[in-house]
Amino acid sequence: MAATTYERLKLHVTPEKFYVEACDDGADDVLIIDRVSTEVTLSVKKDIPPSAVTRPIFGILGTIHLVAGNYLIVITKKKKIGEFFNHVIWKATDFDVLSYKKTMLHLTDIQLQDNKTFLAMMNHVLSMDGFYFSTTYDLTHTLQRLSNTSPEFQEMSLLERADQRFVWNGHLLRELSAQPEVHRFALPVLHGFITMHSCSINGKYFDWILISRRSCFRAGVRYYVRGIDSEGHAANFVETEQIVHYNGSRASFVQTRGSIPLYWSQRPNLKYKPLPLINKVANHMDGFQRHFDSQIIIYGKQVIINLVNQKGSEKPLEQAFATMVSSLGNGMIRYIAFDFHKECKNMRWDRLSILLDQVAEMQDELSYFLVDPAGVVLSTQEGVFRSNCMDCLDRTNVIQSLLARRSLQAQLQRLGVLHVGQKLEEQDEFEKIYKNAWADNANACAKQYAGTGALKTDFTRTGKRTQLGLIMDGWNSLIRYYKNNFSDGFRQDSIDLFLGNYSVDELESHSPLSVPRDLKFLALPIIMVVAFSMCIICLLMAGDTWTETLAYVLFWGVASIGTFFIILYNGKDFVDAPRLVQKEKID
């Protein structure tokens, strides 16, 4: 079977069936989904009834079972990102979720409400920016992985050969994946970030591409998904590949990021920065070893760059990480701790060169992947930098962009684009493209995990820290605080539902969505607001004497402050927590 999926499709809808027609040249296949039995079969175009309602679609994302029954999810709009070795790369920009059922009369009021909530969750994930696909190219693998494949691999369908870590609709495609004959309708979709640019240096034109692939294992939002799970999957794991294509030669440099691979948590509790807690009873070495065993198999040597603070609440995590690496004693793993905030305080971001100089020799050893126009591999990447901070976002983004630039400098010199002694930083036009692309990558990764754009992107875009950048960081930090405390439970539930970590069972006697709230959840905020309002009123409407006014103000002021601290003490009861999957049971 050729490793392609159908590019042009039409969806024909009748009350009994969905017909997905392949419209590529010479294609006669029609995928038929029975809306009653949910059976999936392959047929031909003559079986499409003329009475069907028809519209174009650009791919099948998959199917999901909710309270009302099954739903078909299709891509209705797409945007061309660019061409990748003559393969077109698309971004899915709009979707439609179609019910198999014609009516909802079989549902109770509670079931209707639950189904509406589950639909809202699905639509929330679909509204997240960053879903990419190609009908002819496997986006889930790096150039180096694709260069080292068998003829049998080349004949597999895109779905079969895809790296399952990065297929975000893998759960949605489970019914189609069970039937190889319909795999040309099964479109693997990547979540992350892709940008492509045609660039010129010294009159030599080359394509520069940046791809970030988010893992769907242990996926979620900032404070609810930290550390690793029992399989060794790290939270917020992202593989970032930088690619150069010049005169038929291809080069790539791969980096990874992922949460500190221990069992730890940092649950939101209304405090600006919740205290990270390391699990005291878990077998950390088991999960830690699983994580790095798989990383070494996939990528080779591991150079860990740990950017967390080496004092305060982050210090125990840094010490535990260093201890685990030392205890494991694996020669394939190197550990470097760099206190980013301490080294770069007072906007001394030039001090990042200390870290770059420290790892320069290691980076030369790891090398990069390079293949000539004839397909001969001239160089392979022997390992990766695995960078992390607490969120694996802001500090990590800055370091990754600097390491990638150093690799790109070496690649472009070897390819003959840069002259000997020429610096990439001196190429103003390309530098602007490079910095903006890495800042856009940072924003995409941050929005997907933390809910806002990245911090510190003014440095990534301009090469220096600015006062405006600090103000924007403050604004984004406030938005993060609100989302992390008051909307991330819903976001986490949405991701768990989409990825199949939770399966809807309409026969469940108790809906996980209906969580009774304690009386204090309503009473305490009302008391605090009333007390604060009375305090203001007493200030504005003075009593007969200043002592009387002071007494009233003190009484209501103490009442409002006291209530505030009671709410803060019980912070975990007031945040928006996930309801579908209780992750603390496996943390």
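We number each residue from 1, going along the chain as drawn.
Even glycines carry a Cβ here, placed using N, Cα and C.
Here Swiss-Prot flags 1-520 (among others) as topological domain 'Cytoplasmic', drawing on similarity to another entry.
Summarising the annotation, Swiss-Prot assigns domain 'SAC' to 122-451.
The region 'Essential for phosphatidylinositol-4-phosphate phosphatase activity' feature in Swiss-Prot is assigned to 452-587; the stated evidence is similarity to another entry. Note: the region 'Essential for phosphatidylinositol-4-phosphate phosphatase activity' (452-587) comprises 91 helix, 0 strand, 45 coil (DSSP; helix = H, G, I, strand = E, B).
Long-range C-beta contacts of LYS456 (N6-acetyllysine), restricted to its own chain and to partners at least six residues apart, with a cutoff below 8 Å, comprise ASP394, ARG395, ASN397, VAL398, ALA442, ARG465, GLY469, ASP473. Residues or ranges marked as N6-acetyllysine by Swiss-Prot on the basis of similarity to another entry: LYS456.
According to Swiss-Prot, the transmembrane segment annotation covers 521-541 (among others). Under 8 Å from some Cβ of the transmembrane segment (521-541) lie the Cβ atoms of residues 549, 552-553, 556-557, 559-560, 563-564, 566-567, 570, 573-574, all in the same chain and six or more residues away from its ends.
Residues or ranges marked as topological domain 'Lumenal' in Swiss-Prot (evidence: similarity to another entry): 542-548.
The transmembrane segment annotation in Swiss-Prot covers 549-569 (among others) and is backed by sequence analysis.
Summarising the annotation, Swiss-Prot assigns topological domain 'Cytoplasmic' to 570-587 (among others) and lists similarity to another entry as the type of evidence.
Averaged over the domain 'SAC' (122-451), the predicted model has a pLDDT of 96.
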